[in-house]
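Some features that TrEMBL has for this protein:
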TRANSMEM  158-175  transmembrane segment
TRANSMEM  195-218  transmembrane segment
TRANSMEM  239-261  transmembrane segment
TRANSMEM  267-285  transmembrane segment
TRANSMEM  292-311  transmembrane segment
TRANSMEM  331-349  transmembrane segment
TRANSMEM  387-407  transmembrane segment
TRANSMEM  436-454  transmembrane segment
Amino acid sequence: MRPPISGLRPNILENACWQCTQRALLRQQVTPRPKFQRFFTKPSLSRASAATVTPLPHQRFRAGYFLSNSLLARVNGSNRSQDPETPEDINNLLPHRRRQALRKLNASAVESSSGSDAPTANLPLDASAQLASAAARHPASSLRRSLSAMLSLSKPRLTVLVVLSAMVPYALYPVPAFLSSSALDPALAPSLSPLTLLFLTAGTTLCSASANALNMLYELDTDAKMSRTRTRPLVRRLLTTRAAVLFAVSCALAGTGALYLGVNPTVAFLGAANIALYAGAYTPLKRISTINTWVGALVGGIPPLMGWAAAAGESATADGTWRELLFASDGSSYGGWLFAGLLFAWQFPHFMPLSWGLREEYKAAGLRMLAWVNPVRNARVALRYSLVFVPLCVGLCAVGVTEWSFAVTSMPVNLWLVREAVKFYRHEGHKGSAKGLFWASVWLLPVVMVLALVQKKGMWQRVWRSVVGELEEDEEWEDEEE
């Protein structure tokens, strides 16, 4: 324990070390110590000084016993000890300090996502944030930094979901005599080609990357205010605005060109329209009206139409215009619209609980979402659209896209979604209901798509006939006539 110092205000030297205390004691007429006294012996006070000193109660040393870095920073007029809170401060640090600051920033972003009820409270960073962090570790002029930052602009996980939602309807398009024995004849071979699927996949990927990059360019100021988006590459200045614009425009031109040349003009038009809707309508509307959620759902429903129109164009018998591909008179386009409706409806039970967990951040950023504008309607909309999955799955069976067993096997996951949506509506997001609905929506889409692929109309009958060699009905009649 330090000896008390008279003549000084209480607690003024609580962060001072022993040497500073010793100097203060010497100034107060301390009795001179012997010449050869050891440096660690305490100097004795004079009797007059000792009589006026009141003993302090015994207490432990505080954590700030020695002079703290914050006090040194204030004395020196610098903010060196403060943790960097902005991406610009982080980029100016040394490499090891930058890694530590990024870990603290990411941890604080996860903890600040509206508590434990938030659906994304304990989730790791998304792919875009991870790529941005990887890009920040490379030198500013390196190629790997630029490639990682550009890949982060495309929002990889969202782009993969968009591409899969286009590929599944393409694979489910009812092509006549697919996998049948007549397909061995080159003249009667199925018309779906892997090359068309390749162009569809590449073009959809590039169109999605362009739309996402334009979205980040427009929302640069609001992204910096939200924990979920503050690690994006443009917020952290990992790319220049000019480079991001060039990336977005190049992807848009390459994507629509690949769809036009490799698939058909209708699919190319749908891809270009999706870019315009996402970047030109949905993104600006987020600051204006809550109708932005419906516009974003419309954007999500277009990729299934792209996949269906691509497959329909391969087996078109007329001129192959958009009327034949999307509004066929024989009803063959119903399946594409049902898939588009499924993806449109899925956006609401998925996004409503997600936005509820981030409602305060959306409000602070000035983005008008139902989660904070009207929480009751937010829960009601999620419940309303979760009820349409059962009739949509039954409709896919009715129009001949899948077997009727698909309506039965998809029922459990659809009822699970309805159950979680009812909880979300009753509790308005509290008591873990938002997290439950979010995860039910995350699992529902891949489960429904896989079940539809496995139970495609007539697929297993054709596989059985091609393996066993069972004759088709027409061939049986020909044998009997002979």
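For all residues, glycine too, the Cβ spot is worked out from N, Cα and C.
By the Cβ criterion (under 8 Å, sequence separation of 6 or more), the transmembrane segment (436-454) is not in contact with the transmembrane segment (239-261), since fewer than 3 such pairs are found. Listed by sequence, the residues of this chain that lie at least six past the ends of the transmembrane segment (331-349) yet keep a Cβ under 8 A from its Cβ atoms are 165, 168-169, 172-174, 293, 296-298, 300-305, 307-309, 312, 325, 381-382, 384-386, 388-389, 392-393, 395-396, 399-401, 417, 420-421, 437, 440-441, 444-445, 448. Below 8 A, the CB atoms of the transmembrane segment (267-285) and the transmembrane segment (195-218) form 3+ pairs separated by six or more positions in the chain.
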